[in-house]
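Read through the structure below, which is laid out as C-alpha cells, and then see the notes.
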Amino acid sequence: MSKIAFLFPGQGSQFIGMGKELYEQVPAAKRLFDEADETLETKLSSLIFEGDAEELTLTYNAQPALLTTSIAVLEKFKESGITPDFTAGHSLGEYSALVAAGALSFKDAVYTVRKRGEFMNEAVPAGEGAMAAILGMDAEALKQVTDKVTEEGNLVQLANLNCPGQIVISGTAKGVELASELAKENGAKRAIPLEVSGPFHSELMKPAAEKLKEVLDACDIKDADVPVISNVSADVMTEKADIKEKLIEQLYSPVRFEESINKLIAEGVTTFIEIGPGKVLSGLVKKVNRRLKTIAVSDPETIELAIQTLKEENDNA
C-alpha cells in the first residue's frame, strides 16, 4: 500500500450535530466526549450535538469541539487497523495530529486548545484585527504587498498559505483593508473578508503565545510515534522540545499548508485521509495536486466506506 497521511481540520469546519452518531454508536467515542466534558467542567458535548451554532463558532468552543470530534472519528477509524505514515493538521488541527501521533494525551490537548481559544480571543480587542482570503495572487507578490502596508504603519502579514492562488492575510483591520485593495490593484482576482474573531497567525497573537507557553509547560508532551508535519516549518517534527516550540510559534506564524502537502508528496504519500468534520482539507489537497487520492471521514458511514475502499485497493495492489 502507498504511504498514507492523516489530516485534521481546523476552525471553520465545525457544525451542530457533528460526532453525534459516533457518540451514540461507538463506546470509545462516547468516552472521549465525556472526558472532554469532565476536563473542561462544562457540557461541551451538549453544545456540539444540540447547541447554538453561534456559540459553537466562538473560538474557545470551536477549538475543543473540533479536536474532540476529530479524535472520536479517529478512535472509530483505528478499529480498522489502518495506520498513518504521517499526520498533519491545519492550525488547530495540528493538536489533533499530535494526539494521533502519540505526542499529546487527549486530556492535555482538549484543555490546551480551550485555553488557546481563550487567549486568541483576548489578544486583540474585538474589531481591531481582521483576516481576508486573497485569491489569484502568488505568495511572493502578496508578501510584497503586505510588507509595504506594514512598513507604512498598518501591520498585516501572510497567515495561511493554503493552496495555489488561495492565501489568507491577517493583521490590523486597517492593514488587512489596505492590503486587500493593494492586492487587487496588483492583479489579485478577489479579496474576501473572513468572519473571524481575531487576526490569527499574525504578530498580534504574540501575547496569546506567551500565555500558551505556560499551559504547554504543564503538559506532558512526548516524542511523536509517527512523524508530524509542522505548520510552521512544513517539515517533520517528532521531538517533544521541538513540538512545544512549534506550537507556540504557530500562533503568530503562517500556516504553510501547501508546502506541507508538497513535503508529504516528496515523502511518498499518495493517500490523504481527512479525519474530522467537513472536507475543507481534501479540497485544498486536490488544488495542490489533483492526482492525489483524498478520503474524508466524519461519521460511521464514511468511515466504513473509507475502510472498504482502502482494503480493496490493498488487495488489488
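Every residue gets a Cβ built from N, Cα and C, even glycine.
Small disclaimer: the values here were computed from a predicted structure and weren't measured.
These features come from Swiss-Prot:
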ACT_SITE  S91  active site
ACT_SITE  H201  active site
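It is S91, among the active-site residues S91, H201, whose Cβ has the fewest other Cβ atoms within 10 Å in the structure shown.
Counting in whole angstrom, H201 (active site) lies 9 from S91 (active site) by their C-alpha atoms. Under DSSP, S91 (active site) is assigned to coil, being neither helix nor strand in the three-state scheme. The DSSP secondary structure for H201 (active site) is coil.
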